[in-house]
Amino acid sequence: MVQVGAHTSIAGGVDNAVEEQLEYDGTCGQIFTHSPQVWQDPNIGDEEATAFRDRSAEAGVGPWVIHSSYLVNLCTPKDDLREKSIDSMQKEVDAAATLHIPYVNVHLGAHTGAGVEQGLDNAASALEELDIPDGVTVLIESDAGSGTKLGSTFEELAGVLDRCDQPLDVCLDTAHMFAAGYDLSTPEGVAETFEAFDETVGLDHLEYIHLNDSKHDCGTNKDEHAHIGEGKIGEAGMRAFINHEAVADVPFVLETPTENGKSYPWNIKRVRELYEEA
């Protein structure tokens, strides 16, 4: 059975994320440990952490992934932002270890004029400064590629992995890949994309999927998510992606919108329908 869940809230306690996931009929999931729009430390007490670990195990929900702050910029040439980003990431990987969450997901960020190679060097060296606990892996998320943001090409993802001797793998976001020019709207396009990823990065580095349809055309670098099968990737592309052998054992987490009377439960059900139809 396909592993699929959604991004859930920790409001009222991190263990509430498990209950929310169960309401959605999800079997894995993603959380923020704090508001992603501000520099803030995770504030998760021992009792909360124990309750989260126990409830996840009891309900069979996992693997979970922590999504890092949107303010983190590993590629930045600015020393103060770099130090804040490293500090934030250290606290996220420590929180992951406490919660027994195996993954922390991060966007590489933007080089803001320093250039692609320098940006990749900056990201890799920032990641090298982390003391990543055993059992935790940092996932570099593929990006839509607007402005000077890095991580939109498989070559850039591989560039960071090759430069860094840390437990690093990749989270592919379907909407971001599509925006970056990887055409996932047809079975042929999906197959070609996975072949290119395997040749450049390696499928052994693919640990998680952000499964989202896109409201914008392929190659526009515009990141706006749509309901599964109802965006520009469409039903045929989503079906081909969900059922491709490359992701047979890779969990999917949704970041789809709540609109038009549809939210996470509808999208999770839709993923399972597309999986079963193949």
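Cβ atoms here come from the backbone N, Cα and C positions, even for glycine.
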Matching residue for the Zn(2+) 2 site, where Swiss-Prot names Glu141, Asp173, Glu255 - out of His111, His205, His210, His227: His210
Candidates His34, His107, His216, the one Swiss-Prot lists with His67, Glu141 as binding Zn(2+) 1: His107
According to Swiss-Prot, which candidate in His100, His176 joins Asp223, His225 at the Zn(2+) 3 site: His176
C-beta crowding around Glu141 (Zn(2+) 1 binding site), within 10 angstroms: 20
Number of Cβ atoms other than its own within 10 Å, given for Asp223 (Zn(2+) 3 binding site): 20
Chain-mates of His176, Asp223, His225 with C-beta within 8 Å of site centroid, Zn(2+) 3: Ala144, Asp173, Ala175, Phe178, Ala179, Asn212, Ser214, Lys222, Glu224, Glu255
Those residues of the chain, 6+ apart, with a Cβ under 8 Å from that of His210 (Zn(2+) 2 binding site): Glu141, Cys171, Leu172, Asp173, Thr174, Ala175, His176, Phe252, Val253, Leu254, Glu255
DSSP state at Asp223 (Zn(2+) 3 binding site), helix/strand/coil: coil
Output field, Zn(2+) 1 shell: CB within 8 Å of site CB centroid, site His67, His107, Glu141 dropped: Ser68, Asn105, Val106, Leu139, Cys171, Asp173
